[in-house]
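*Asks:* Got these off Swiss-Prot a minute ago, pasting:
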- Glu91: active site, proton acceptor (ACT_SITE)
- Cys331: active site, S-methylcysteine intermediate (ACT_SITE)
- Cys111, Cys115, Cys118: [4Fe-4S] cluster binding site (BINDING)
- Gly158, Glu159, Ser190, Ser213, Leu214, His215, Asn289: S-adenosyl-L-methionine binding site (BINDING)
- Cys104-Cys331: disulfide bond (DISULFID)
- 97-326: domain 'Radical SAM core' (DOMAIN)
Amino acid sequence: MKNLLDLSYEELITEITNLGLERYRADQILDWIFNKKVNNFDEMTNLSKKHRALLKEHFSIPFLKLLDKKVSRIDGTTKFLWELEDGNTIESVMLFHPDRITACISTQVGCPVKCIFCATGMSGFVRNLTTGEIVAQILSMEKEEKKKIGNVVYMGMGEPLLNYENTIKSIRTLNHKKMGNIGIRRITISTVGIPDRIIQLAEEGLDVKLALSLHAPTNFKRDQLVPLNKKYSIEEILNAVKIYQKKTGNRVTIEYVLIKGMNDEISDAKKLAEILKNMKVFVNLIPVNPTVEDLKKPSRERLLTFKRILLESGIEAEIRREKGADIEAACGQLRLKRIKSTS
């Protein structure tokens, strides 16, 4: 039995016409799923009983099982812990802004990258998510909260570009006007930097936003924070980003988690400005989340100094406003606690 959420629009049409249904039935089915959040064929009342029975024989529409939910009393940020059909767990987050709702979604169960400041990597890597499991996070959150998501960031558990095919296919699904209907410029892929995949992304014809999790201005420091840097150097990654920018013309967000005593020195800020010189970038400065006890946030004064040095060097930068601090909204924390409690 096929997961219908794994299928592209064109694949769904092919599948149902092969079963003898008319093409337009695909639009009816997708309207039930994406607009009405119905994942039971029996409830699709504009389909005949015969068609419903036939579809049930061949397809499933698995939304995700909610295991836990935390809501921030500060800003309403909502964090979800989901169970997949095989019993694995993943996290998603809904972030509320005055003019939009953003979803932060996962692409892997666990993560192989193991950045030292991220809770997800602490539990190891299990597997890639399917296209359907990525898409189901959006549908399940919308169904649970009865709200429409307008922006999507692939910044949850896992490295999206190490699950490239399913990530790209899920973006096409979420963007398709008959499916997720989310504007392509409202979708962001966040990556630690897989050079060949960044270049491949530039050729996809998808005008998504790209965010690079850099976190250090030198290979020596980045090797300590992001172990994958030993495979892909900063120079290789930034060269790939330059190729991406030449092809797309898009500005790239540089994510930089600031950790006291590790990457927050004045020399780090100056070096960061140097390596980003003449690039079309915006730097998002992120005070570290306390996922690991010995990692501390820099002082407010140091954050402002770091930002000022970048601005004076002609690099756009901002300190990201923390959301969901009271519910540990950083990805991986809720799942890690559950794993520890059940082991």
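Glycine too: its Cβ is placed from the backbone N, Cα and C atoms.
Mind running through what each feature is packed against?
*Replies:* Following the DSSP three-state reduction, the secondary structure of Glu91 (active site, proton acceptor) is strand.
Neighbours of Cys118 ([4Fe-4S] cluster binding site), defined as other CB atoms within 10 A of its CB across all chains, total 24.
Non-local neighbourhood of Glu159 (S-adenosyl-L-methionine binding site): Thr107, Gln108, Cys111, Pro112, Val113, Thr191, Val192, Ile194, each in the same chain, at least six residues away, with C-beta under 8 Å from its C-beta.
According to DSSP, Cys104 (disulfide bond) is assigned to a strand segment.
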*Asks:* Applying a 10 Å Cβ distance cut-off over all chains shown, what neighbour count does Cys111 ([4Fe-4S] cluster binding site) have?
*Replies:* 26
*Asks:* Looking at the domain 'Radical SAM core' (97-326) alone, can you tell me the average pLDDT?
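*Replies:* On average, pLDDT over the domain 'Radical SAM core' (97-326) sits at 95.
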*Asks:* What three-state class does DSSP give Ser190 (S-adenosyl-L-methionine binding site)?
*Replies:* strand
*Asks:* Fill in the CA-CA distance, Asn289 (S-adenosyl-L-methionine binding site) to Cys118 ([4Fe-4S] cluster binding site), as an integer in Å.
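*Replies:* It is 8 Å, counting Cα to Cα.
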*Asks:* Using the structure shown, find which entry in Cys115, Leu214 (the binding-site residues) has the sparsest Cβ neighbourhood within 10 Å.
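*Replies:* Sparsest of the binding-site residues Cys115, Leu214 by Cβ contacts within 10 Å: Cys115.
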*Asks:* Ranked by the number of other Cβ atoms within 10 Å of their own Cβ, which of the recorded positions Glu91, Gly158, His215 ranks first?
*Replies:* Gly158
*Asks:* Secondary structure at Ser213 (S-adenosyl-L-methionine binding site) (DSSP, helix/strand/coil)?
*Replies:* strand
